[in-house]
Each structure stands twice: as C-alpha cells, then as structure tokens.
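As written in TrEMBL, here are the features:
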REPEAT    8-49  repeat 'WD'
REPEAT    50-84  repeat 'WD'
REPEAT    94-135  repeat 'WD'
REPEAT    136-170  repeat 'WD'
REPEAT    197-238  repeat 'WD'
REPEAT    241-282  repeat 'WD'
DOMAIN    335-580  domain 'COPA/B second beta-propeller'
DOMAIN    608-763  domain 'COPA/B TPR'
DOMAIN    852-957  domain 'Coatomer alpha subunit C-terminal'
DOMAIN    958-1047  domain 'Coatomer alpha subunit C-terminal'
C-alpha cells in the first residue's frame, strides 16, 4: 500500500473531536483547551473559532444538510451553533447531563441530537423543541461514545464497563414524549437494548456501524479492534485485529473500500484489510498520541486528531491514470482500462488490471502506444510495478485480464519513447532501462542527475525530473540537451503540435518550447492538479478550486471556479473535458473570450481582436488594466464607462475627441490642463483654446491668439483685461496687438512715467510724451540728459495666412487603424485592417548599402566619446532625414496623429531585462539591472556592445531572410572538425579522479567536493574563496561572490 498522502496539517492544543462538513471543505476540531476551530483544509486557513465552553471540548459534529454545528464538553453542556458565515454564533445550549459529554451527533433525517456522557447515560435531544426526548440507561460506567446507524433506527454505544451496546430506537419515530417532567420510565418506553456485545478485556473507547453491511467495529483499551456481525435476532464477534501496542482510541470502516482505519495512543494510524484482518499500512508520529478519527462522508479524506494538532490525509491518490490520443481518452477506473470517445461520448471497458498490484491501490500512470495499440501501466504498490499489455481491437462483452499476456516488471515509472520502445526508471539504483515490446532490456542508462520521475520528451527523448531541476535528455546520444531550474515536476503535458510543453509541479507551471530554450514560470499558492493545451496554444490548468489559463509569455487568469477538483484531459472550443475524482468523464463549458483576446493582442492579430470585440461582452477592470499595461489604450477605451478612466485613456492614446467629451463631463481644471497640453502637442489649437477658456487662463489664451493671428479675439482679450484690472495682462495684450497707445496708458496707470515717456518718444508720439512729462511734474529741461533713441521697430509680425480657423499640421492628421475601428470608443465595423509589406527585398538592399557605409568608416573607439548616443553632426542630419522619410511612410500607411507613449519608453517601463533598457537608450537603468542581477561592476567592456545594441535596435531588419555566405559556413565546419580530430588540453590540471571536484576558473586548480568556494553571479563559475570580491577574470564584468538576484521571469 502506498504511503498516506497528507493534504493538510495544523498545530494546536490536543484535538479530541473532529467533524467534516459534507459539502464544503470545512473541518471542525474540538480542542482540549476549550476552543472549537473551524478550518478550511483545502486552502489551509483557520476560518473561525468558537470559545464559549468552559473546559475541554470532546465531541463535535456538523449537520448533514443544515448549517449547524453541535459540540459537547466537560462543562456538561451541549451547544448548537449557526455555521453560516455572516452569523456564526451559539444558537442554544442543552442542559441535562451530570458529567462530561464525550460524543455528540446529528441524526441524518430526524431533528435529533445524540450525546454520550460520563454520567453513564445516552440522551437524545430534539433540536427543534430543544428538549430531551429519550434517556438510554444500562451502562454501568462512563459512556465513551454513541453513534446513530446510517440508515436504520439503531444506536451503538461503548463504555468503560467493557461492553458495546446496540439500542433499538424505532419507537421514537412513532411517539414523541410530552412536555411533562423528564421521567425515566417514560423515556425508556421508546428505546430498548437490542444487543449487549461482550468480548473486550478493557474499557471500549469507540464503535461505529458499517455504511452498508450489518457490521460493527469497536476499539478498546485492550489494544484490539473487534469486528461484530448483527442479524435480526443476535450479534456476535467475527474477529479481532491485533497490532496496536497501546490503547486504541478510534476505529472506522472505510466508506468505499473493504478497509478499517484505526488510531491509538501508540502514536500510530493503522489501515486494516477487512477480509484478511491484517494491517496493510501504518503511519507513525514521533511524539503525538492519536485520539480521534473522522471520515468524509463522500470524499476520500480522513482526519486524525493528536496531542499537538490534526492532520487531513488520503489513503491513495485520486488522480486517475490516463492518456489522450487523437479523439480518444484512455483511462483507468475501478482497475479497468477504458476508452472514451470525445466526439460520441462512447465509454468502453477494454482491459482489466484488477490482478495488477494491490487491490486497494489504483494505477498511477498510463502510457499509450497508438502504433501497437498497447499500454504500459504503473502502480506504486510493492515498491513500484509496471505492466505492458495490448488493448483488444474490439470487445465482445468480455473484458480480458492483463495478466493473460501482459509483461510485468519492477519500476517507479514507465513510459513509451518510440514505436517499439519504452523506458522504465529504477529509482532505487538510479537506472533508466530502455526495453522493447517483448520486455527485454535494449539499453541501460545512468541518468545525469538524481531522477525522481521520467516523462515523454519527444521521440527518443526523456524529460528527467529531479528535486531542483528538469532535464531534456536524448536517449540515443545519451546526452543532456537542455536543463531548467524547477521544483520537482509531477506532470508533463505537450501541445498538439509538439512545439510547447507544460511542466507542472506542486505549486508552479513552467511553459517551455520543445528544446527548453524559452520558458516562463507561473506560481500558484494552492496545489496544481492537471492541465491541457487549447487548440490556439494556450495552456489551461486546474487547481484545487479553479480552472485557469496561461499564455505562452506567462500571463494568466481565472476561467471558472470549481466545487471539487477535476483532472483536465482535453480543451476543445468552449468545452473542457475532464475526469472527476471517481474517474468518470465529464465536461465543463466555459467562456474562452478573455484569454483568446489577450492571445490576439500578444500576436497582433487585429482581425481576431475586432471579431472578439464585436461578438463578445469583454468588460471589467482587469481587461482595461491589461490593455493599458500592454500599451493598447485605444482598445481599452472601447470597454471603459467610467469617465475618469476614459479621460486618462483618451489622453494616453491621443484621442482628443473623446478626451474633450469626457473633460466636459468631468469639468475639473486639472483635466482641462492635461487636455490643453495634449492638444498643443498635436497642434489642435481649437481644443487648446477651449481648454484655456474653461480654466480662465487668460494669459495663455492671449498668447495663443497672437500665435494663430486672431486680432479680433486679441482685442476681446484686451477688453477682458481692462475689465479685470490686471495691468500685466493689459500690457501683454497691447504688446501682442501692436497697440502702442494702450501700452502707454498701462504704464502711466501703474506710475511708470519714464517707460511711458520713452515708449511715446520712440514711437513718434510727441504730444503724448509732453502730456506724460506734465503729469509727472517735469519739463523738457529735466530730461535733457536722456539719450535719444531711434524710431521703435517693435511691432507684431504681419499675418500672411490666418490659422485661427485651421489646426496646425505639426503631426500627421491621418487616422490610425484603431482610430477608425474604435472611433470615439465605439466600434466602426467598416474599418479595414492595414496590410504592411514585410517582404525582404527592399530591406536586403538597404542592408547592403548600410554595410558599405560601415566599411568606409573607421570603427568607433569606445574610449573616444563612445558613450554618446549622437554620433557626429552628419549622422544626425542623416538620421533626421530618415526620420522625416519614416514619418512620410507612416502617413501613407495611415498612422495615428497622436504618438502616445513612445515605444522605447514602453521597453523601459515593461521589461525587467537589461538588454531592453540598452536598446531603449536607458543605459543607467541597464547598468543598475546588470549589477543587481549578475553583480557586474565593470561596464567598460560593455560600451561598444551597448552602443551597437542601441543602434541596431532602431534599425528594422529581416535577418531570417538573409542566408549566410556558404564559404563562411564551410570554413566554420572545417575548424570544428579539426578541433575534434586533434583534441588537446589547453591547461594541464592535476586532480584526483576518484573525488568529485570543480575547476577554479582563475587558477585552474581543482576545488574538491565539500571544500569552500565562491561563484560568479553571472556565469556560475567556481573560484577559490580568497578570490571573493575581485573582478571575474573570465568575462571581466562581475564581482566574484557578489549577491545577485538573477533574471526575473518574463511577464
């Protein structure tokens, strides 16, 4: 039998009582310190606690259909609690017992509560009337437990008087006691002792009924578990299970299998074969005695309470073994290999594997070979077995057993790797055996790492899973192709085209391409159960309570919520095919629009984006935030109704019409200011004028009217300035309008007579100059020493063409594709998708010209101004000409008028990689990232690389269309062949060949295993400890031994 699978564990005071919720993942635990805890064992969180009992709480139960909890404790009280999340409280308390209450239980149909007490009585309470309706007397010592029969009107009880009693309570259904005084004689008429079972030598702690058979199991302080059978007239002992070496606290029948589960003060939980009465599994704790067991009514879950908390566990894996080929699912249910047709729903049994391994352990994996119509099945019992069997072409009602012609062997894992080969992993001695279909060993391989699991990795390849990495391994060449750092991988799923693979661990999913050269990592806080690939290349995976999606570059999201875990087998359109925990095929319909929309954005598939917008109802803040984050504000605008968010998006994507519309609705000065700035960038001075008017920014309005040549509006601004009494504004308006008389009047009004006099004199206004002198109390003689100035030439430039009714053509006014398709936030269904010519002819010729230019110039010395991004003036002029040409090309393609956020700014904003920052020209942030990720401190060698990366990132080339020179290819192959023919050691190293070691990359001396060493944070090369803090001589970039974070996962 396989090891018990612990699903949840908590630390607390001693646990004396446990109860599962029948439908929700909740577990109630009664503690010796007087508290009752309510746990969500699936999420691993404490939901609530109830603390009104005084002293230890020993009994706890949850109602099978209602949100009620009952507890009983050493304070002689029974309390009933409301379990609804919004109203968790004690509803009422039942008084009557005269000593500790040991166990409590709800009846499955009637409104009854059963309790057992140290006062030697068993009581039945009506939870509706809140009265005691029966008292069962007869035990002569403490009553340790009492349980209702799951179907019949029976109760089984145990006591320290060494007996087990079965009570008939059928009279209670027909008669209900009156509300008079609690009379023992009255109560006894409704219940009778049917059987008294004697056989234990010490006090009996617990007894329970079998869910379907007339059997009782009891656990006692005589260290035995006894099985009793009942008939209509008598009951007798069938057998005993011996093996515990201290008091047995509890024993239960397994709800689905012919097993008994028990626990005791010998610190063990034991599993017994009901037919053979032998122990088949033992689970031990070091220091904790077990006190109580509980079985989930429908799921394969048990809970055990001990001295320092509780554990929730399963006895076997519930993940069915399955394999998918074309439109058929091959899977194992009830130890039969079955086939399920996804199209027709046909479900047929093909092969029995009931004689394979332990009868209580289901097969762990199944691998299908379509060429030979064969399966290889593994099971974890007996230290791991595999069986190779052929599936019948058709079944005639009789299903053959695999033992007839199957071939078996011992192995931890087994999987087909080719048409006539399968590989098995011998985990104990770390060997991979490649076998043929006759089960003969063809090849034996020692894996390069400590391997825990093997998975299919492509034809003649395996994926090897170790504790900290996963390796793609070529079986024919016996070499490692690639390696990824990863937690232990449990499941592997390949896409239908074999180009992508998903590596699933307990809490992570790694999406990689077929040679592991690109990958992204997703982390989950709860267990990942299964996964399958969508036809479009999106990975869909299930956790304990969700079905989620993961895009190839790492974006993820929730598709739907699950009540119970499922195991995904196939994704087709809007349907998820899966197996439930009982290995029955089922389908789940979901809405794939969200992840298809994101995938279309990722692939720039405009047709798909428009189709999804037209035909679906994509809404929500998550979509809007995603579009903003990915640089698609113009598309996000289509989904937004909130006016503030709508305004922000319109400004970001330069949609002035929508921005103006929403600014009018919001009507706040900061919005008008932002609108004015954006409109000014685009040259739309009409919207600028509207924004300045709304904010009453008179000075800027005046300057705007001067710039556009609107003399009529300038004169209006003069009148407004006069009405406002603002001398500076009056002066500016007079200056803009060329109104000398008004300028002189403003200077006189503010007492600046000298400036007013000079203004009049230089503009030939002698009469006004004389008036100013008189008003200032001066004569001509007083100003004789003032130098004479010539005639003033200050006057506004002549208006050649008035642009007050035209917007300035600072940027192209042509609409972009998204402006047309999503004009004003509403879809224009007639918008056509532009086609951009990506052929390589013109690009290739441009590349040739550029290459000739490069040959005619000397290389740039990085020490001579190499860090400057602007080369020389000639280059700058050429780049500006190229930019103007590019703008013209952009106009011809219908590019948008608004630049929005620059592309290079998005590189810096969205990327955690130094290379992207270099390409964008943000060298400082790139250096900071390199220092943080790899500990690089010397950037001088990187100068030419930085510059070439920056320059090349602003040139668009189709390098894939350019074939390399055949001469260069031939020369490279010759050099490789020469090196292979004449291998030699460049550095002679003396070393001990029997001891594991690494080579110091600086001194070329061996560093033996367990000897101290330091590493380069970039190359991971090993160095002697005395070299820590020095510059890495290998690449001359990083500090040896520096702490670095490494590259982050792509977003």
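The backbone N, Cα and C atoms fix where each Cβ goes, and this holds for glycine too.
Caution: TrEMBL annotation is automatic and unverified by curators.
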Candidate ranges 8-49, 50-84, 136-170 - greatest C-beta contact count to the repeat 'WD' (197-238) (under 8 angstroms): 136-170
The repeat 'WD' (197-238) - residue tally per DSSP class, helix then strand then coil: 0 helix, 25 strand, 17 coil
Close approaches to the repeat 'WD' (8-49) from elsewhere in its chain (Cβ under 8 angstroms; 6 or more beyond its ends): 55-62, 64-65, 69, 71, 73, 81, 83, 88, 103, 291-298, 301, 303-312, 526, 544-545
Tertiary contacts of the repeat 'WD' (136-170) (same chain, 6+ residues out, Cβ under 8 Å): 99-100, 102-103, 105, 107-108, 112, 114-118, 120-124, 184, 188, 190-198, 200-209, 211, 216, 218, 220, 228, 230, 235
Surrounding residues of the repeat 'WD' (241-282) on its own chain - C-beta under 8 Å, 6+ positions past either end: 1, 3-4, 202, 205-211, 215, 217-221, 223-227, 288-298, 300, 302, 304, 306, 313, 315, 358, 360
DSSP helix/strand/coil residue counts for the repeat 'WD' (241-282): 0 helix, 25 strand, 17 coil
Average model confidence [pLDDT] within the domain 'COPA/B TPR' (608-763): 80
